Ligand code: LLP
C-alpha cells in the first residue's frame with residue numbers, strides 16, 4: 001500500500017495534490033511519500049519479529065540524504081556499494097556500525113574508509129579482495145569483519161540485467177568454492193569471519209528462488225560450523241519485487257515467514273538488504289505534457305521528463321504506470337509517452353491509453369527506486385528536483401540542478 005490516491009479528481013501524495021507540488025517546484029519532479037517509505041521499512045522490520053535481525057536498506061535504490069536520514073531515524077542499517085554511498089549514510093546520520101559493504105570492485109581507499117568508520121561487515125566477493133582487505137586491515141592495525149558473498153546458482157527468474165545469482169554472473173563466489181575460500185579467510189590474521197551473504201537478483205516476484213538460495217546458504221553455514229568456523233549472521237540480500245503493473249510479489253511478511261520457516265531454531269542473526277521494496281512505490285516522477293504530436297502512425301505525447309531522468313523503461317524495457325494527475329474523464333487514445341532526448345529509446349511508456357491535452361500533468365508511478373539514482377545529464381539536461389511530502393507539508397530535499405552546477409568542474413584548454 002502507498003499514499004498516492006485521488007481526492008476530488010486530483011492525484012495526491014498523502015494530503016498534498018501533485019498539482020500544487022508542480023506549481024511550487026516545477027517539473028520534472030521526483031515526489032516521495034514519507035509515510036510510505038516508513039511503512040515499507042517497518043513492514044520488513046516487523047515481519048522479522050523477535051528473530052535477531054537488521055534491515056539494511058540498499059542505498060543504491062534511492063540515496064537522497066533525506067531518505068537515508070528518515071530510515072536512520074528508524075534505526076535502519078544500510079547496504080552500500082561505494083565510499084560515496086558510505087559518506088552519504090554518515091552525512092544522513094546513519095550508524096556505520098550498521099553498514100554492510102557489497103560490490104565486486106571495492107578499491108583500497110574505499111576499504112580504508114570503511115575500516116576507519118568501523119562498518120558492520122564487508123561482503124567479500126573474491127579471493128583477491130579477501131587478500132587485499134586483510135592487508136589493509138593489517139596496515140591500519142584493525143580486524144576486518146567479513147562475510148563471503150556466495151553465488152548459490154539459482155535462477156531468480158527476473159530480467160537478465162538484474163539477475164545476479166547464476167554461476168555465469170560476475171557476483172559472489174561459486175557456492176562450491178566457498179568452503180575452500182572460507183578456510184583461507186580463517187587463516188588470514190586480520191580478518192574476522194562473521195557471516196555469509198547472498199543476493200540473487202532484483203524484482204523477484206516468487207518466493208521459491210529465495211527459499212532455494214537460503215537452503216544452499218544454510219547448508220554451507222552448517223558445514224562451516226562443523227569445521228569450527230562459527231558464523232554470527234546470514235545476510236539474505238535484497239531483491240523482493242514490487243507491483244509495477246499486474247505482478248503479485250510476496251509481501252515482506254510472506255517473504256520473512258518463508259525465510260524464518262527455513263531457519264527454524266538456528267541462532268543466526270538475519271540481515272536483509274531491501275531497496276526497491278522500500279522505496280519503489282514511495283515515489284513518482286511528475287512530468288508535464290509539452291506537446292501532443294499526432295503522426296500518420298501514432299500519437300506521441302512529448303513530456304518534459306526523459307530517459308536521463310528515468311532510464312528504466314529505456315534500459316530494461318520496464319513497464320511503469322503513467323497516470324494523469326487530473327483525469328479528464330474521456331476515453332482516451334493510445335499514446336507513446338516520450339521525452340525530448342535525441343534517442344528513439346527515449347520513452348517512458350508506449351501505447352498508453354490516455355485522454356490528454358498539452359499542459360497536462362502526468363505521474364510515472366513506482367519511480368521511488370532506481371529513478372533519481374540512475375539519472376544522468378545526457379543532452380545537458382540538469383537533474384530534476386526531489387520533494388518529500390509528509391502529511392500536508394512538503395520539503396524540497398534536493399533542489400533542481402542548475403546549468404552552472406552541471407558544468408562546474410569543466411575547464412577549457414588554455415588559449
Ligand atoms: N543488495 C545487493 C548486493 C544488490 O546488488 C542490490 C541491488 C540490492 C541489495 C537491492 O536489491 P532490491 O531490493 O532493490 O531489488 N537498476 C535496476 C535494479 C538493480 C539492482 C542492483 N542490485 C532496476 O532499476 O530495476
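Just so it is clear, glycine is given a Cβ too, placed from its N, Cα and C backbone atoms.
Curation plays no part in TrEMBL annotations; they are all automatic predictions.
What TrEMBL records for this protein:
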type: ACT_SITE; residues: 342; note: active site, proton donor
type: BINDING; residues: 276, 312, 316, 343, 370; note: substrate binding site
type: DOMAIN; residues: 30-368; note: domain 'Orn/DAP/Arg decarboxylase 2 C-terminal'
type: MOD_RES; residues: 60; note: N6-(pyridoxal phosphate)lysine
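Features as recorded by TrEMBL, highlighted on the structure.
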residue	record	Cβ contacts under 8 Å, 6 or more apart
60	N6-(pyridoxal phosphate)lysine	81, 85, 275, 370, 373
276	substrate binding site	58, 61, 202, 203, 238, 240, 241, 242, 369, 370
312	substrate binding site	318, 320, 370, 371, 374
342	active site, proton donor	379
343	substrate binding site	307, 314
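Its own atom aside, the Cβ of residue 370 (substrate binding site) has 25 Cβ atoms within 10 angstroms in the protein chains shown. Pairwise Cα distances among 276, 312, 316, 343, 370, which the record gives as the binders of substrate, peak at 27 Å. The 6 Å Cβ screen around ligand 1 retains 276, 312, 370 from the recorded positions 276, 312, 342, 343, 370, ordered by sequence position. Cβ neighbour count for residue 316 (substrate binding site) (all protein chains, 10 Å cutoff from its Cβ): 15. For the domain 'Orn/DAP/Arg decarboxylase 2 C-terminal' (30-368), the model's pLDDT averages out at 96.
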